[in-house]
Amino acid sequence: MLENFFASYFDLSGLILCPVLGSIILLFIPNSAIRLIRFIGLCVSLLTFLYSLVLWIKFDPSTAKFQFVESVRWLPYENIHLYMGLDGLSLFFVILTTFLIPICILVGWSGMRSNGKEYIIAFLICEFLMIAVFCMLDLLLFYVFFESVLIPMLCGAEHLIFAGIKLFLCRGLVQKIKAAYQFFLYTLLGSVFMLLAILLILLQTGTTDLQILLTTEFSERRQILLWIAFFASFAVKVPMVPVHIWLPEAHVEAPTAGSVILAGILLKLGTYGFLRFSIPMFPEATLCFTPFIYTLSAIAIIYTSLTTLRQIDLKKIIAYSSVAHMNLVTIGMFSRAAAVRSPIWSYGHTSKAKTCVPACDPSTY
């Protein structure tokens, strides 16, 4: 009976809409009721976290297929759908997101005085966008939400994540503006190439459905071109050397809650993009560029590790060590991708090992 109740009342769209509904409720509460605002924001974020745990309970780990799939046709003249679903890879990113948002709200609890409503709303909208990123199975809509995460990160109050509504009242005005614009420009400019690549894919295949694209074969030259375009976007989010310069400034100028979101979730968007799109969609190009990834990542690990040793600011220590950590993750991802397609790995890899994590391995798609 409990399983039937979960199946009837808990779906993916409900999880995505929870933070949105909480934000709408907060819009009708006056700024002076700061205690009520904080309480509602925390309750909504905790409810979203519990909702994600219910989806985890319902999740079937024995299959590599996408689950909780929902599709809504929103562009009748194009083969583009609001297509959502979860697999073993995206499920735990969603849980990580819903777990960290209540922590971020609690971290800034005592500091919410003026503009506290905008602070809470920005975090809830940010949660909605990040959950949508991990759930989207349409390539174009993934890009829309992938870039929309920048909006709440740059438009909040003096307690908000980076810039602030009352920025002109903040100390270190120039540095805060610099950090905000570096973060925005690096990520946005890198993603322009990804948008062009998505449009090229749409023109060639007539669809942006991820499950169809995973079975579509591109020529080797086309794969290389598309891989480079996707790499330009994801490498900034990781970040990889030399496009990592925005991260230390953003960490230093951000409040503690902003640093938690940045290190805990936003830096994972780039590696998620590699795992979800670049590696399974462009396998030949991935093998071709694997030595290049190894080189960049090794340089980043050594350089940022040595730079970390010279820092005395805790946030810069976190920033540079995060770059080293994420580049180590990148080496692991591409090592796995190269090994899966090599005869040595195929010979030594037993079928039992393959069935242990079928829903988490992008190569099984």
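Note that Cβ sites are derived from N, Cα and C of the backbone, with glycine treated the same way.
Please treat TrEMBL annotations as automatic predictions, because they have not gone through curation.
Feature list (source: TrEMBL):
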DOMAIN    138-335  domain 'NADH:quinone oxidoreductase/Mrp antiporter transmembrane'
TRANSMEM  6-29  transmembrane segment
TRANSMEM  36-57  transmembrane segment
TRANSMEM  89-109  transmembrane segment
TRANSMEM  121-143  transmembrane segment
TRANSMEM  181-204  transmembrane segment
TRANSMEM  224-247  transmembrane segment
TRANSMEM  259-279  transmembrane segment
TRANSMEM  291-309  transmembrane segment
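With Cβ pairs under 8 Å as the measure, the transmembrane segment (259-279) is packed most heavily against 224-247, out of 89-109, 181-204, 224-247, 291-309.
Between the transmembrane segment (121-143) and the stretches 36-57, 224-247, 291-309, it is 36-57 that has the most C-beta pairs under 8 angstroms.
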